[in-house]
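Quick notes on the structure that follows.
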Amino acid sequence: MKSEHDEIKDMLHEYLHGTLSDEKAALVKGHLSGCDDCAHEVNIAVALLKIVAPDPGAVYFNNLTKTVLSTARANTPKKFNLWKYIFRPIPIAAAASLCLVIYLTIFNLGNFRNSHPKQVQIASNTQNNITRNYVTHHTQNTNIVMDTSATDDTLYSLLMEEDYDDGFTSVYGGYDHDDDSYEE
Amino acid sequence: MDEDSRSEDYRLIDSYLDTGDEAALEALVVKYRKEVYLIAYRVAGDVEEAKDITQKAFISAVSELRNFKKNSAFKTWLYRITVNTALNHTRGSAYTVELCETIKSDAKDADTWLIEKQQERHLKTMLASLPPRQRISVILRVYKGLSIAETADVMGCSEGAVKSHYHSAINKLKAAMAALLQGKDL
């Protein structure tokens, strides 16, 4: 619970600045006439208020305002603009270059796949067919024992040592074209 | 009146933060630039230092404006920034008393004017010699007319601490004035 003295002490500065209501101001005025402690405090405050700070001048205040505004302007974060961000020239050029490189890479890889593997396969199949015909002919007519470990290359080289026409065209259902009994 | 001023400050702040309205910011600076300068001068005791402190305080306040929570008046928040800036600025440097400052006086008699001038200069020297927190409590209470609660808010301490700082300062100033009036050397 505050005493009246403490309450008035807290109001002294409002009294000095003239912000108290008339009723409260009259109360403070009455208290000051009988309280030396509060009267001394008011005297000190009045003496302090007489010390006036030097005026820095209107030029300083105007420059201060300009400086603060320009600093605020410089520190304001710029708003994000999606269209400006997307249509910046450097990223567009970089993206176009990247797309071109990707396209050329895919195009060249496609050409490579379409040409080389087919040529190899055709040659291999032809060779394999020739080899198969040779093996069938000899197992049925000459009863040679096929070496299962032989590779296509080995068999092909064997084929090349025989008469090619004979080996290739004479096998039709186990009969030989040169066989006399067939012609009859 | 205070409530009107507070809501007007909030409106200006919102206008600046929401729409970037520089006129609103300018209005705030114009409204408080003199107050901030006076606090800076009372704390630093030097015009040039007070100018620097005022500019630094405003730039800090504007850059931190988005963090202002509106829990207190803008004025109180700005004073707190000013006091902290002034204390940081003057830390390590001695408080200087300008002897050339103009002192307004109603006294017409030359002798009375001289006595008053001597008292005020003495008082100012005494104010300068107070510890920083005691000096700031006097500046905010006497010169700015802030209440105990507002002073506590600006200083970032309890109301009890403000009362303690303020009454210690006033008692020292009273003793100094009494000694001066009795013609004692301090």
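Backbone N, Cα and C define each Cβ position, glycine as well.
As written in TrEMBL, here are the features:
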- A:6-39: domain 'Putative zinc-finger' (DOMAIN)
- A:85-109: transmembrane segment (TRANSMEM)
Average pLDDT across the domain 'Putative zinc-finger' (A:6-39), rounded to a whole number: 87
Composition by DSSP (helix, strand, coil) of residues within the domain 'Putative zinc-finger' (A:6-39): 26 helix, 0 strand, 8 coil
